[in-house]
């Protein structure tokens with residue numbers, strides 16, 4: 001019997017999305033970003049499905065070590081860099097690249113005793129003002145890294161966009177100009193583009209693109225949908241009806257009697273809730289896909305269940321599947337109803353949700 005709830009992950013969708021991004025940025029190599037457990041899709045599952053990617057981007061060393069232990073041989077890059085001096089021998093032993101963005105990391109590299117140099121991607125703060133060396137610091141920092149025997153040469157260069165998911169916002173052009181002026185004529189790879197950069201800002205594509213959310217079939221732009229770019233949702237979040245009940249006009253449902261029926265109807269109870277990562281704040285009207293149609297959530301989402309209005313003439317049965325998001329119901333649409341972003345929905349699923357390749 002199939003587990004419920006479950007996240008069905010489509011290997012063919014992941015491979016399609018990688019192909020779409022390669023076509024979009026045909027001159028660039030692809031560093032598939034698989035941090036946060038492959039955006040909730042399963043770290044090793046995703047990496048194996050995307051084995052033709054040129055490299056993988058991760059947030060934490062533990063993620064990179066898991067991929068190496070799972071047999072992944074491709075280039076790995078720690079997008080936040082290393083945090084402790086004791087991380088450096090592990091980077092060397094497992095051939096893992098690191099971002100450098102802070103003085104403390106440079107000091108650790110200068111003081112370390114390593115068997116071979118570490119491959120470094122120097123992050124430039126071109127305007128996001130979160131991580132990276134400022135334009136004023138760049139020349140001095142670059143010179144220090146060049147002088148450091150523990151840093152492999154050439155040094156690679158990167159930045160990150162603040163507003164690339166706003167196609168009408170020209171701040172991305174400002175960031176590109178800042179980065180390109182600073183790094184002109186320097187050797188090494190350059191990477192600027194995230195998913196939004198790859199899809200909307202072709203001049204940002206550089207030697208490598210770093211797509212994340214688009215690999216999973218989701219558009220990075222609010223109000224857009226991955227299907228508009230030929231992307232296919234890689235996750236179907238599925239549960240089932242565990243009760244179907246006749247419900248009278250004037251009767252409330254759920255904690256706090258938050259919703260009251262205006263007319264006689266039939267309600268379905270779906271076995272998923274905030275204990276599984278489905279947001280408690282999903283408002284009335286948030287869609288769920290049941291037997292080929294959208295039905296609205298009514299009442300409050302509870303820990304293990306949510307309730308939907310199936311309609312007065314519904315013929316749905318206990319055991320019928322309910323799709324919370326996926327191919328028939330884009331996660332972007334669900335996120336818009338809830339007032340969040342698709343990134344948050346797919347990455348917040350809890351271990352109670354079985355993740356399985358479909």
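Cβ atoms are placed via backbone N, Cα and C, with glycine included.
Look at Swiss-Prot and you will find 35, 255 tagged as active site, proton acceptor. Annotated substrate binding site per Swiss-Prot: 130, 303, in sequence order. What Swiss-Prot records for 35 is N6-(pyridoxal phosphate)lysine.
Between residue 130 (substrate binding site) and residue 255 (active site, proton acceptor), the C-alpha separation comes to 41 Å.
Looking at residue 303 (substrate binding site) and residue 255 (active site, proton acceptor), their Cα atoms lie 11 Å from each other. On its own chain, residue 35 (active site, proton acceptor) has 57, 58, 59, 60, 63, 79, 212 as residues at least 6 apart in sequence with a Cβ closer than 8 Å to its own Cβ.
The Cβ of residue 255 (active site, proton acceptor) lies under 8 Å from the Cβ of 299, 300, 302, each on the same chain and at least six residues away in sequence.
Secondary structure at residue 303 (substrate binding site), taken from DSSP and collapsed to helix, strand or coil, is coil. In the shown protein chains, 10 other C-beta atoms lie within 10 A of the C-beta of residue 130 (substrate binding site).
In the three-state DSSP reading, residue 255 (active site, proton acceptor) counts as helix. Over all protein chains present, the Cβ of residue 303 (substrate binding site) has 12 other Cβ atoms lying within 10 Å. The DSSP secondary structure for residue 35 (active site, proton acceptor) is helix.
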